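Inspection log for the structure reproduced underneath, given as structure tokens.
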């Protein structure tokens, strides 16, 4: 029985902002199905009441005084932006014009 | 004899005594790269002009400088950002990325006057165990050019083994320093999570990633970790724990050291030839006065699936930043979502996509508890296994990898077989503890790695044990690769 369908793979691809050809969807469905099946061996373990580990160190808030420190000059910040205009990054239209 | 074979301490003495110049070391690095890197392909980007300038500055300023790494040639894995020196993570999506700052570890090695020779190949975004997932080049193992150097820090380990640099920095999320170090016959340290700043490390799995050191000798490794470790205001997960003088721990004395040998690490799935070398190394430790005892880490077999769920989930979030807006390569489209999808689909390789997909799936509504939370709970069990054993033992010893270096192309099409290769290194990352891999002989002409695992912030004990073993192991490893002039 397959654990994940091609439809699900397409949906996950959309969430992950990836696009695939039909052929790639087939390959990924098979491979993800195998990997998920492999991960399901964790179900052999009873983890009732076990605290999840999110981080190995004891986490605490790191505070500092709120003082102004030098920030990046605009041209540095934009140095690697592939498309820019008038000192800003440029992206495709995100809202319809009236 | 190549200068790099002498190691940091003697090279620094020679510089101070004016027997050699920093430029001689840099010359040796680029000469060796010229001879062998066409075959090994460890480097993605060279820093030759700047490196020669830095060496000349050191030569001119005189040698009274007591910088810890004065004039020493270092290679840098290409996921550590270097100001003004292209940093690609071996990915097409960052193919043109020119960082505007240095990672903290880079600032630290620069402050101690190491000289950056270039940037080293890796599996794309550190996802892989063979460096075959690089979108830039295939790196070859200097011991046998038909074999992989391991990964993901394959370029780092290969460059040190091939004598192209004195040492290198890598990163280790599930074994990415220790496994290639084992395959290439060099010394690789994955420090305790939080020991070294992650600022300027291109993030893969933030709760597992750690920068570490790849060297020819344990002593060089101790000096290099001493340089890069410590609290960093730029990384709130870096630990406020004093950095010891690791190099001062190398006493050669391990009498009474309590060594645990997990039966799972010498069991099913581990090659006999690897087991033989590890058992011989354990006898060697006993001869040095260590007390070895068999123990059990019962949840070991669940580490690989736990890791792939957790690391992929974290990766799917971390790699969301590659969207073609602020940096990297952008594909053309008039629609924002299409632009994201196209940029990412063209920019990422198959393994990266596979893991982003797996992670997105594991975190998606309806599956979170079954996969992600479950894996976090099993992570707790794996961590507890180590805590129990390390209560009564100083270190844990076993192989670094189940086999020696495999052939290029052998496993690349089968993700699960590739993942299984990391079964002995992954548990350490899940528990956040330190581990070192060091050579313990050859099996069929290929290096075998001995892994020593320690308590949180127990790097000092690991260095002491590793050094004591290394000094008495009675062999010296050097790959057979010959340059044009050999």
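Yeah, the Cβs are placed from backbone N, Cα and C, and that goes for glycine too.
Its Cβ placed at the centre, residue B:77 (active site, charge relay system) has 32 other Cβ atoms within 10 Å. According to TrEMBL, the active site, charge relay system annotation covers B:77 (among others).
Residues or ranges marked as active site, charge relay system by TrEMBL: B:152 (among others). The DSSP secondary structure for residue B:152 (active site, charge relay system) is coil. The C-beta environment of residue B:152 (active site, charge relay system), restricted to residues of the same chain at least 6 apart in sequence and closer than 8 Å, consists of B:122, B:123, B:126, B:127, B:128, B:129, B:131, B:133, B:170, B:171, B:173, B:176, B:180.
Summarising the annotation, TrEMBL assigns active site, acyl-ester intermediate to B:176. In the shown protein chains, 37 other C-beta atoms lie within 10 A of the C-beta of residue B:176 (active site, acyl-ester intermediate). Under DSSP, residue B:176 (active site, acyl-ester intermediate) is assigned to coil, being neither helix nor strand in the three-state scheme.
Sequence annotations record features per position, and here TrEMBL assigns domain 'Amidase' to B:24-462.
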